[in-house]
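Student: Annotations for this protein, taken from TrEMBL, read as follows:
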- 39-59: transmembrane segment (TRANSMEM)
- 40-322: domain 'Major facilitator superfamily (MFS) profile' (DOMAIN)
- 71-94: transmembrane segment (TRANSMEM)
- 106-123: transmembrane segment (TRANSMEM)
- 129-152: transmembrane segment (TRANSMEM)
- 189-214: transmembrane segment (TRANSMEM)
- 277-299: transmembrane segment (TRANSMEM)
Amino acid sequence: MTTTAAITPDEPPITDAETVARVSSGPAYSTFDPRTKKWITFMVSIASFVSPMTANIYYPVLEPIARDLDVTIALINLTVTSYMILQAISPTIFGDFGDMAGRRPAYLIAFAIYLCANIGLALQRNYVALLVLRMVQSGGSSGAIALGFAMVADITTSSERGKYMGIVGAGINIGPTLGPILGGVLTEFLGWSAIFWFCAILSVVWLVPFALVVPETCRNVVGNGSIVPQGWNKTLLDTLRTRGTPRQPTDPPRPRLRLPNPLRAVRIIFDREMALILFYNSILYVAFIDVSATLGTLFKRIYGFSDLELGLCYLPYGAGCC
């Protein structure tokens, strides 16, 4: 007795990464459609641009600030160092908080801190205030890089993640290029306080659409996007739309909060491969910061460059990134 296999028409191969993930492992990795993924990635790339831009927009104005505050360049350079220290610590705090409470609350708190710090920096005329507020400014902006990569990992499969990570990485690399140019132009025509007003305005322009429509992606909070977020994990539009609606018994519980633990992220340095990668990248970054932080003051002193010309001196870094 023989059996005949059923003949089925040839089907086109499945090429969409999300469909492949769904067919092979059940539920879709993410319920967000491609358009929403692109919108989320665009917003986090802008947020990731902010921290390196804020660090580098400051370099062309070190001497004008030192002159106006009547302090030495060495003391102004200390504000650069303090910014970098918080730039290293902040991602470990906001990264852990974002994993626990969700990406939206972490972003909203980070940029609210950043906004307030920029307003204070624009108004201050005291060295101690400058030093402290630069640290607060860094603490607010620097967590965005860790949160950006986390949001991309939330919504993309490993087979498609590279192209989205590339967009976020572009924002990070563009920041050090445009920052000094913006700092030079603004200081040349409006004075050094204008760089902080610019950063404050940029944070508001980013915060409004993020608060209104960018959805929560943290998989500890919304899973693959199919779980309805609660409380401050909702977008502002969803909150207004559902205001007055009683909480349902089937609604998921709100995430339990605790103090962020930065040491959770530090454990990664004990992995041999990651330790080597971090070590060599840190050497490159230290060399870049050494050149960037001293270029403005030295070129102004040696060649008499204007603030605008000093900003343009940082363009080769952008060309190298390309």
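Cβ from N, Cα, C; glycine included.
All TrEMBL annotations are machine predictions without curation.
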Student: Average the per-residue pLDDT over the domain 'Major facilitator superfamily (MFS) profile' (40-322) and send me the rounded value.
Tutor: 88
Student: May I ask you to check whether the transmembrane segment (129-152) and the transmembrane segment (277-299) make contact, with contact taken as at least three Cβ pairs under 8 Å and only pairs 6 or more apart in sequence counted?
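Tutor: No; fewer than 3 Cβ pairs under 8 Å.
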Student: Between the stretches 71-94, 189-214, 277-299, which one has more Cβ pairs under 8 Å with the transmembrane segment (106-123) than any other?
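Tutor: Between the candidates 71-94, 189-214, 277-299, the best contact partner of the transmembrane segment (106-123) is 189-214.
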Student: In the same chain, which residue numbers or ranges, 6 or more beyond the ends of the transmembrane segment (189-214), come under 8 angstroms Cβ to Cβ?
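Tutor: For the transmembrane segment (189-214), the list is 39-40, 43, 46-47, 50, 54, 57-58, 61, 64-65, 68, 104, 107-108, 111-112, 114-115, 118-119, 121-123, 137, 182-183, 235-237.
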